[in-house]
Structure formats: structure tokens, C-alpha cells
Amino acid sequence: MHAPPTATRRSGPRRTHGIMARLVRLAAGVLVVTLVIGALTALSADDAKTHPHKVCIHDELQQSLLDSVAQQGLAPQRVSRVGLPYVASATAAPAAQVGGVDFALAGDSAPDVTRSAEWGELRITVSAEELTDPAYHCATVGQVISNHIDDYVTCTADDIMTAEKLDILMNYLIPEALQMHKDRLQVQQVQGTWKVARMTSYCGRFKVPEEHFTTGLSNTDFVLYVASVPTSPGVLAWANTCQVFSNDQPAVGVINIPAATITERYDHLMVHAVTHEIAHSLGFSNAFFTNTGIGQFVTGVRGNPDTVPVINSPTVVAKAREHYGCDDVTYVELEDAGGSGTMGSHWKIRNAQDELMAGISGVAYYTSLTLSAFEDLGYYKANYSNAETMKWGKDVGCAFLTGKCVVDNVTQFPSMYCDKDENVYRCHTARLNLGSCEVTDYTFDLPDYLQYFTVPSVGGSADYYDYCPYIVRSPIGSCTQAASSASPFVSAFNTFSMASRCIDGTFTPKSTGGATVTAHLGMCTNVACNTADKTYSIQVYGNGAYIPCTPGATISLDTVSDAFEAGGNITCPPYLEVCQSNVKGAMDYESMTNSGSGSSRPAPVEPSGSGSGSSAATTAPSPTRDGSAAADRIAPRTAAVALLALAVAAACV
């Protein structure tokens, strides 16, 4: 994801100034920078905790588990072709001590389970006993606990599992994520009772109710054990499959959702991050792709001499042809960049940036691409009527998949890729952020197949995108950030909330937040979504009322708000681009129209384990909000942002 350390940003065109003016500005800038360095350190640290850049470490963890299982020396018939152990039998069996880990023996072959002949709801049991046991999660600052991977960590204030965070986790994040899968995937349900085998590696570090080993689980097709312990910087959550049924279908999984990443109830990024990780535990993984035969390697992709992982199964190919509008598709690329945590278990972000199973965080739509991969594994039946729509790559044709994104300095796909470094805000394609195009000039020439500009050392800033230039999200431009902590610069023309989305336009705010960069091509507006009629209204900066926004219509900003200069406007995007998966936007509409009584949210999950097979039970403890603590956190951030605004002003005059 990151540019090589030798890369330097290639600046776009700027106004010419006199030498004296430059010296004055430089002196002012040096003074401000001297003041701001300490504040920026605190600001960047706070941003990392509040809006971390998602890094997926799935494959790295999966390989660690596979290596651990292989080292146990289990009989071949007790290990699946995926390399994971089978669940224990549903009847009593002796136990063997293997390498310090108890495994329930299944006999001479994998334990069979009886399945329904019909397809039915995917029943997921959630066990979260760790969240009520202070020995397994951060209960006090300075406490030392296992991170469930390979180390012990010291708990900080951000790591504490407060009552509010527990409420968000158990009553919103997990139920919403589970429902995303249950609405779209069916299984041939397991009949009767089955038992979990005692586990090794990081799977064995999760707290499992003893009855899951002895009595077993019923009415359950998959059991998920939940932890909340600190993890590596930039990781929102991680999950994996631990055990499988006799047909290699995932049966047991684990997920860790660190308390430090739980901040807001309707956080779109976190809901989809949890959904993404649960998908890995359900089998969206290189290990399953390879061992079921749907994953392959090809060479020569867009001139790339290296082998590239792909899926070439029939349903995936058919759905890709529909999405991209290309009948020549014979495979869909998986990620070949990003290292061992990302390669092979995600769609290639160049081709599917906004998909649920792309390798970095984003809007993460659950599209027919991911559904078809699940279906072609053979374990699931997909409900394509509930597939979400992704604008990225939609009907762009074969050239997008086979050709270059930019040719002779000109983008071939302007809705996705750009070609000029710029100093203006516009909407990121996912509409959750403001951003700008970044073009980088490296100190070396890029390979021929990655050269898009007449200068061979120039390209985009990320290897994930094959160095295609794209709209990079601004670190201060999240539409869903708290308004109270937003910088003065972006606060001058945006509205922020969990329902806010970015809308394209051309306008100049009357207030510039201390900077002289005044013209913009996008703004964050609150969105209220009428899910019944597929219509929406928006609230722009400077106007407390919501106004209808008809897709394709242009709104003159000076007619609806006094905050903008005359002549500015915005253009209403399609309904799906601002309302699909916008849970808070739908709730805000219901609240405004007093029609919320009929709405239903997924049931909460109980923070304790049982073998009943139900993923919905009693609610978690009621949260208690600490307003004073929140104010204390905001105050230093606000000061840092104020100093940052001064630095921006000094640099932009």
C-alpha cells in the first residue's frame, strides 16, 4: 500500500510568487511548524486510533495456524485437505494428549454430520465469554494480557472494554455484520449435535465454554468465538477459520475486535470491517480457494511477467462478466500486492476497490463477486437478490481489465483513476471521504507494464493499484468524523455525521478556515434516506433543514445556504451511492418522519457462550457515556488542528 521510501511527491501547478514573498512565507511557516510539531504528533496518534487505515493480516495468521496443525503430527484422516483439523465427533470419544494440546479423537475418519437436503438460513452461534471475564480483555490500564497471537501486551486507556464499547460491539457491530452474511448465504443445515475439538495455536487462546467440547452444539452451522484484545497498529479486526466439517466447510472460527477500534455505534467502516473478517472465517481465503480448486495462478496479466492469483470458477466468471460488461472475462484477479497478510485472499483492489473483500478498508459493498466465490466453494448457496451494487468497474468494458489505466498522461477511466496531482478537494469514489489525486515522481523508473506517463518514473502512490493514480482519502476529510473535532479548514464547508456522504460539485465557501485554497469539487452533506421510495434529502453546511436531492439534479448552493459564494453548485448522485448501507441515514429519515416504529435491527448477541445455537439473546449492559472524558480528548486535538490550520494558511498564501 505504501510508496517506496525513496519516492517523492510530484507537485501540481502552483501560482508564481516573488522571491521576497516566498521568504516571508517561509519564515512564517518555520515559526508555525516549530509550534505545531508536538501538536501534530498528538493529532496523528489520535487519528490513527479513531480512523486507522485497515490492514488485513488474515493470510499471515492462517499460515501460522496451518503450520501449527502440521507440527502436531495428527493422523492424516484427522486433517482436512485445507490443512485444518476436523471438528470432534458428536458422540463421546477418548482424548489424546498431542504436543501439549488435547484433541478429541474422531476415530479413523473425519466425523460425518447429517445435513438437511434443503438450503436454509446460515445459523451462527456467537460465544463471547471473554468479554465478561476481566482476565481475557483489558479491564484496567496497565493490565498485561495475551494478544491471542504471539505476545503479551500492556493495556492503555483506549484498550479498555467500557460498558459503552461492549454495548456497541454486542448490540450493533456483531449483529449487523452477522446479518450481512445471513441475508445473503444459505447452507444445508447441520442436523443434531456436534462438538468442537480442543484447539491449538491462536485458536486455542480463545476462551471456549467447556460444554462446547463435552455436550456440543445444536442448531448451529458455524460457531464464532469473540475476543477484544489489542493488536497491531492499523488492524481494525482479524479473524480466521479454526476447524471444519468432514466436507471441509468451515465450522469453527475466531474473531478479535480490539476495543481501541470501537468508537461509534453506526460506524460504517467498522461494521464492514467486521463483516469482512467474518467472511474470512467462513472460507473466503486463499487456503479454501486453492484446496477446492477454484483458485489458480496465471501469467501475463496486463504485461506482468509474474504469476498472479485468480479465481476462474464458473459462477465467479459469469458474475464478473455481468459487472464489468466484458464477455471475455475468464478469471477474476486476487490481490498480488501487500505481503503475506493480503495476497491471495482478497479481490485485487485495482479492479474492485469498493468491494467487501478488497484488501484495504473502504465502503466495502457485499457484491455478487464475493457471493459467487462463496457459492463456488460448494458450501453455500448465494442470494443474489440481496447483492449490493458497486460503481467501481461497473460496465466499463474489457479494456479496464486488460489495458492501462492511464495512457500518455491521460486517464482512460476518469470515474476511477486520475492523472494530475492537485491541491483541491473532491469526493473519494466511495463517497465516505474528501480526497485528492496524487501523482508521485519516484527516484527510479517503474517497470514498463506499470508506466502510464511520458516520464517513466511517474505513477500513482500505491502498489495495490499497480501504481494507477487514484483519489487518495484525506486524513482530515472523513465525512463520518465527529464535527466537534474536525479541522477548521474542512469545517468551513462540510457537515459531518455517521450519515454524511460526499457529493460532487464546484463551489467556493465564503469562509476558508484560514487557508487560501478556496475552490472545491466535493463536500460532505448529511443524508436522510427513504428506503421505501429510494429517495433522499441532504443537509448542506449553513442550512439546518434537509432539502430533496434528485439524482442528476443540480442545486445552486447560494439558494440554500449563506455559506457559499454565488455560482457554486452540487450535483445529486444516484440513490445507491449515498444510501446503500447507510444505516444511520435511513434511521435519520425514520426519525424525521416519525416512521421508525416499524424498523427492525438485528437482535443483539449475548456476551457469554452457550450451545443453544442462537446468535441473539439478551442485551449487553447499558452504556454510560463519559462526556467530560470525551471533552478532554477533544481539547488537545482541537488545539492541534488550530495550529495545523495556521501552517496550512502559511503554506498556501
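Using N, Cα and C of the backbone, Cβ positions are placed for all residues, glycine too.
Binding site for Zn(2+) per Swiss-Prot: His276, His280, plus His346 from the candidate set His137, His148, His212, His346. In Swiss-Prot, Cys468 is paired through a disulphide bond with Cys405, chosen from Cys398, Cys405, Cys549.
Only one of Cys524, Cys572 is recorded by Swiss-Prot as the disulfide partner of Cys549: Cys572.
Disulfide connectivity taken from Swiss-Prot links Cys398 to one of Cys326, Cys437, Cys479, namely Cys326. Per Swiss-Prot, Cys529 makes its disulfide bond with Cys579 among Cys479, Cys502, Cys524, Cys579. For Cys437 (disulfide bond), other Cβ atoms within 10 Å of its Cβ number 21. Neighbour density at the Cβ, taken as the number of other Cβ atoms within 10 Å, is lowest among the disulfide-bonded residues Cys326, Cys549 for Cys326. Reduced to three states, the DSSP call for Cys203 (disulfide bond) is helix. Checking each of the disulfide-bonded residues Cys418, Cys427, Cys479, Cys524 against Cys203 (disulfide bond) by C-alpha distance, the shortest gap belongs to Cys479.
Mapped onto three states, the DSSP output places Cys479 (disulfide bond) in coil. Cys405 (disulfide bond) has Cys437 as its nearest neighbour among the recorded positions Cys155, Cys437, Asn569, Cys572, going by CA to CA distance.
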